[in-house]
Structure formats: structure tokens, C-alpha cells
Amino acid sequence: MTTRTPSSGWLSRLAQGSLVKQILIGLVLGVLLALVSKPAAIAVGLLGTLFVGALKAVAPVLVLMLVMASIANHQHGQKTSIRPILFLYLLGTFSAALTAVLFSFLFPSTLHLTTAADSITPPSGIVEVLRGLLMSMVSNPIDALLNANYIGILVWAVGLGFALRHGNDTTKNLINDVSHAVTFIVKVVIRFAPLGIFGLVSSTLATTGFETLWGYAQLLLVLVGCMLLVALVINPLLVFWKIRRNPYPLVLTCLRESGVYAFFTRSSAANIPVNMALCEKLNLDRDTYSVSIPLGATINMAGAAITITVLTLAAVHTLNIPVDLPTALLLSVVASLCACGASGVAGGSLLLIPLACNMFGIPNDVAMQVVAVGFIIGVLQDSCETALNSSTDALFTAAACMAEDDQLAKNALRG
């Protein structure tokens, strides 16, 4: 007869307990520590750095192995939902840009253009953005893995997957086993999320605080309000259009189990393993989500479209530049295209603002001052943007899979 020690029972309960509740506890403790002792809060920031680093380390390998395994083991005639998911990604991004235009006209914001981010070089035009994306596709596979170039990783994974379809069953089984092993490592890393978020919250509050954000309160309200509208109204409408049933159980599940992580890690790449685990929990098709989730992390950028649009129009309002309806609609298209290319640009959505500003004849030095404002409010803006982007990847993947499988739509959210 074996006896369990109290410590082993405690660890077992901790490992099997509700991750969301543990994260909330970590969040509250992080806030309290930042209020009580700033040096201690900064010190425990190492926990957050380690957690984000672990997610970023495992994500490229996870994407490579899952995509390669799913394509190599794909059976001829087996249906996937990649096309409808891709359509939802593009439609969602454009809808977000339109929403941002509407919000910017209803609640016009102005900026204090005093400093410029001179050390950063933005892309000169949409052609350069597209060129960057194409060059990412032909990246060396080792370089793509080392630098977390997910576009390059996807291209190599798809190519190797198709090539390995002609391999023998032993090879395919080996790749499948490796992908399962990597998935297990991801699950272990995710269990440390409460500690990671505890460290991230405490160090962020201790080092930056929120004093600097008050000067841009209206701009932040427009940005965050627009993102909330997209997350809680626009996206549910798109999901309802696909699954023809109440979308909110799925929407809230994705926000709770994907958006919360993304908000604190502020990295779509780091959130790929989290989204993969959520899709597995929802019993979605592995062949579909193993491709759509990393693809979404590179092109599904509703939050980026909102950031580019709102900050560009804030600069326009500050400079008293008149904007007519056709120009505003064109900005929505440009912002959507820029957002889809944000993953191919160092600095992401903020450094694509000068490209959109160029539409209105705004000089580059002024546009870079807008970028500087973006960095000032980045503590909150980047967190909300990433939460919207990443949770939408899982949401649209689930919606498309449920639209194909009615039984899945009925059962996926039970329990």
C-alpha cells in the first residue's frame, strides 16, 4: 500500500486546478507586490521573462512539427477548413479597420507631437512591406527557426509535409510522435502561466506605472473601446454568420483562455502554443488548426488595423487635414493590408503608421512623432492589440470548424 505525502497531494491539486483561477490569483498578487515593494516587483519580473521566453522558444518548433505532421499524415479526400478561416481573417481585419475609422470620426483625438523616434526606420511603402513578406517566405529554415520567422517556418513546414506524404509509414509515425512530444512540452510550459503573469504584472507596474498614460486618456479610450467593440460585437456577428447559433459562449471562451494570456505576454508568437491547446480542448480538426493558428499569428491583425487607423487619423485631426468618405474607406483598405504585413516588419503595427500617414501627405518626421506616441501608450495599446489578434485566431478557427461539423458546434463548449 502506497501513501501520498501532503506535499505531493498539494502539487497534484495545483497541477490539475483551474488555470484561469490561478492566473487571476497571480494577477492580484502581482498588483499587490508592485504596490508594496517596487524592488521586489522588479526582481520577480524574471519569472515573467522566463515564461515568455519559454513560450517563444517552443513555438517555432511546435509550428514546424505540427504543420509538417498534419500535412504528411493528411488522408486524400479529408476535408479541412483553411479557406473559410482565411476569408474570416481578412474580413475581420477589414471590419476592424472600418470600425476604427468610424470611432475616430465620432470621437476625434489629437496628439502632442513633440518628440520623434529618429532611430527607427519604417518601411517606405506597401511594396516594401510586401517585399519583406516575400523575402520571409524564402528564408533559410534554420534561420527561420532561430528568428521565429513564422512565414518562413510555414513555407518550409508545408513543403516538407507535402514531400513526406510519399514517405513510408515509419517516417510519418516518427514525425507524429515528435509533434505529440512537443505538444506535451507546451502543456508543461503553460502550467507555469500563473507564475509568469505574476512576474509580468508586478514588473510592468513597478517600472512603468500608468501615470504616463493619463495624458493620452482619450486616445486610449478610442483605441481600447474600438478593440472591445470588435471583440464583443463585430467578431460575434461574424461567428454567428458562420455557425448560426449563439456565438458568445465561444467568444468568451476564446477571450478567457487565449486573450488573457496574450494580454500579458504581448506576443502573438508566444500565444501560438496557448491557441493550439485551446483548439485541442475544443476538439477541433488538428489538420486545420495546426495550419490556421500560426497563419493567423502572421496575417490576422484586427488589433493592428485599429492601431494604424486610429493613430493615423489622430495625426490627421491634429494637423487639421480634411478627410472625405472615399479617402477614409481607402485608409481602411491600406490599414488592413499594412496590418496583414505587420508580422514582416520589425516593430509591428506602429512602424507601419508612417505608411498610412503618407496617404495624407504627412511628413515622415511628423509621422515618426506619431510612432513615438504609440510607444508611450504601448503598455496598454500593445497588450489589448495582441489579446484581440491572438484570441481571434482561435475564435475564427473554431467558428469555421464548427460550421463544417454541426455535432462539434453542439458539443464543443459543453463542460
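Including glycine, each Cβ sits where the backbone N, Cα and C put it.
What you are looking at is a predicted structure, and each value in this text was computed from that prediction instead of being measured.
Taken from Swiss-Prot, the feature transmembrane segment covers 23-43 (among others). Beyond the ends of the transmembrane segment (23-43), by six or more residues, the same chain brings 193-203, 205-207, 260-261, 264 to within a C-beta distance below 8 angstroms of the stretch.
The transmembrane segment feature in Swiss-Prot is assigned to 47-67 (among others). Within the chain carrying the transmembrane segment (47-67), a Cβ under 8 angstroms from the stretch's Cβ atoms is held by residues 144-145, 148, 150, 153-154, 156-158, 161, 175, 178-179, 182-183, 185-186, 189, 192-193, 195-203, 264-265, 267, 269-274, 276, 286, 290-291, 294, all 6 or more beyond its ends.
Per Swiss-Prot, transmembrane segment is recorded for 85-105 (among others). Under 8 Å from some Cβ of the transmembrane segment (85-105) lie the Cβ atoms of residues 222, 225-226, 229-230, 234-235, 238, 242, 288, 292, 295-296, 299-303, 305-306, 308-310, 313-314, 317, 328-329, 331-333, 335-336, 339-340, 388, 392, 396-397, 399-400, all in the same chain and six or more residues away from its ends.
The transmembrane segment feature in Swiss-Prot is assigned to 144-164 (among others). Non-local neighbours of the transmembrane segment (144-164) in the same chain are 56, 59-61, 63-65, 67-72, 74, 133, 136-138, 171-172, 175, 269, 272, 291, 294-295, 297-298, 343-344; each lies 6+ residues outside the stretch with a CB under 8 Å from one of its CB atoms.
The transmembrane segment annotation in Swiss-Prot covers 181-201 (among others). Remote same-chain partners of the transmembrane segment (181-201), defined as residues 6 or more beyond its termini with a Cβ less than 8 Å from a stretch Cβ, comprise 15, 19, 22-23, 25-27, 29-31, 33-34, 44-52, 54-55, 58, 61-62, 65-66, 261, 264-265, 273-274, 276-277, 280.
Per Swiss-Prot, the feature transmembrane segment maps to 220-240 (among others); the stated evidence is sequence analysis.
Residues annotated as transmembrane segment in Swiss-Prot, with sequence analysis given as evidence: 293-313 (among others). Residues of the same chain lying 6 or more positions beyond the ends of the transmembrane segment (293-313) and with a Cβ under 8 Å from any Cβ of it are 63, 67, 82, 85-86, 89-90, 92-97, 99-101, 103-105, 108-109, 111, 150-151, 153-154, 219, 222-223, 226-227, 230, 235, 268-269, 271-272, 275-276, 279, 323, 331-332, 335-336, 338-340, 342-344, 348-350, 352-353, 356-357, 359-360, 370, 373-374, 381, 384-390, 392-394, 396-397.
Taken from Swiss-Prot, the feature transmembrane segment covers 333-353 (among others).
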